[in-house]
Amino acid sequence: AQLHYSVPEDREPGFTVGDLAKDLGVEVRSLAARNLRLVSEGGQRHFQVDLAAGVLLLDSRLDREALCGQSPTCSLHLQLVMENPLQLHRVEVDVLDVNDNAPQFPKPEVVLEITEVANPGTRLPLEVAEDPDMGSNSISTYELSPSKHFALSINVRGDGVKMPEIVLEKALDREKVPVHHLTLTALDGGNPVKSGTARVTIHVLDANDNPPVCDPPVSKVLLEENVPVGTLVTKLNVTDLDEGPNGDVEYSFKTSNNAPGKFTKLFSLDARTGEIRTKAPLDYEESSAYEIAVRARDKGSPAMEGHCHLRVELIDINDNSPEIVLTSVSSPVREDAAPGTVIALIGVKDSDSGDNGQVHLQIAKELPFKLVSSFKEHFSLVTSGPLDREKASGYNITVRAVDSGSPQRATQKTFYLRIADVNDNAPNFSSPFDTAHIQENSLPGTSVFSVLASDPDEGSNAKLSYSILDNGMQDVPISTYFRIDQDNGTIYTVRALDYEQDKVFQVPVEVKDAGSPALSSTAVLHVFVLDENDNAPNIVYPSVPKGSAFHQAIPALAEPGYLVTKIVAVDADSGHNAWLSYQLQESAEALPFQVERRSGEIRVAQALRESEDSHRLVVEVRDNGTPSLSASVVIVISPEENSVQDFSKSLDLPQPSSEDTNLTLYLIISLVSISLVSCVMFGLVAARC
């Protein structure tokens, strides 16, 4: 069916254009069930369907001038689609013109020149005002403000356009009035009447008193649309009664600011000879006629000008191929779609007429689809057999349109139809177990690892989002240590990690697709925290307040090798960062004591003199990290006559040999090496699992 409505261009959105339910003979309550929808052939939506009321409503305010320009008729073509059964209806809406535009001159002020010896009856052409409205709403007449010397004359061009001219009625005297100021008003024929004005300034000059005259002032030329570029359209016949430079005429196109003139892109004008030629291909379907305005200006001082108007009408030929319009394509289509399912709505257009405009559609016979004619120039593409995604995940469908002209013209359009699958595949990680390492004290937001998962499904079924699961293995929720970018699976730290507090984390990661219902998989990431030398050695014994010294008394006659005391220190770090060494800080005087580098034992290095006073030693404990950290303690050793030797010190302890010291170092290196090898083996086993 085809429906026809009309609507004025100034109606507000929501205006009722027509009663679709009544005109289609369909009950209002069945419209929603039949999924009535509106399809615009032009690609722009100006209307909407109220399913509750069954009426066609205006969706946006219409501007006839913007939609159809200066065309005498303005129609919008729509399509209504209903399902169960599938029906296609054509709706034509005429946009009626209203007087919503006021006339407007190309320039707000026009400056004219006229010689003072001009005879009464001399005419000064004026710019034509522009009014986008049509018919009676377009420009009706012009008015000129009262003047003793000038009057207004209106001529009608061949196409009906009114051309205002100022006519000299009384001789001028430049010495009395050198400049005349007038107001030109353009009035349209609407109700109420709208108007536009322009200021006209006329300068009275001497000499060159004959303007160029075009004979005839308005002419028409018929031209085929396929003429070669450079074809001569016409040669203007312009005469100027003056002689010399005053009679030498130059030609130029006359355009306005509001309408720059499309003809300047299609036609060229020889400024000296007045020949008008084509400079671009002409298309009858784009525009059947062109209005060309030419200004003829002499070289006098002041220069005078005349105006020629040429109408070029094109003769149509069969030069257009059919055009295929895919109104709607349902892609993807499920592989379980039943035969007869509508895949696409296809329209064809041919700008030619008669047999040259009769179009037939074709598709390949081996495809599981067929074309069904809905009505004139509209077809439906439906399934003609079962679809199997496992055999073909999609089809390249080529639609060929052939007209009935001689010789025939054909056009084809190819579109890809994808066969959709259901969400039957869960996403999978590249590895169910991964291992990552991160340095302790790394800044929050540091990237730890990027997990990767894939999903063989398509579309939203393959859109993956990552999240961290809380497995309760840590005392604090794992989300307080790590976060994951849900889009790319990159895991970042939430806060700085402390090796001394947590050495390894198990981070369960879940990936979930966006299907319905959603499917998911999990993987576990083992994050090992690497130790950093961030803890200085802590002196456990002797324990003295900061800034104080530890006092130790020894016998005045202590022999070399005598054990004075032992410095005990610990380091919270591990590995190389926890290896401690002891040494005495350098002093100005030689001290009769020495400290064992590994054990921290302070012993008498040489025999003490009876008169020696107390000795002040500064023992520094330094770890093996990079950079190295240290702590120190001050020990004051006082030789005393009556000092009682401690049992442990009274033993005749020989000074340890260098071999014992080296043996201790070798044991430490062996233990560290065994630990590193064990960690590497555990990592390899975990990766293989």
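FYI, residue positions are counted from 1 along the chain as it appears here.
Placed from the backbone N, Cα and C atoms, the Cβ positions cover glycine too.
Record features, source TrEMBL:
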DOMAIN    6-105  domain 'Cadherin'
DOMAIN    106-214  domain 'Cadherin'
DOMAIN    215-324  domain 'Cadherin'
DOMAIN    325-429  domain 'Cadherin'
DOMAIN    430-539  domain 'Cadherin'
DOMAIN    546-658  domain 'Cadherin'
TRANSMEM  663-687  transmembrane segment
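Looking at 6-105, 106-214, 546-658, the range that has the most CB pairs within less than 8 A of the domain 'Cadherin' (325-429) turns out to be 6-105. For the transmembrane segment (663-687), the residues of the chain that approach it from at least six positions outside its boundaries are 431, 433-435, 526, 575-576, 579, 598, judged by C-beta separation under 8 angstroms. Assigned with DSSP, the residues of the domain 'Cadherin' (325-429) fall into helix, strand and coil as follows: 4 helix, 55 strand, 46 coil. Helix, strand and coil counts from DSSP across the domain 'Cadherin' (546-658) read 9 helix, 46 strand, 58 coil.
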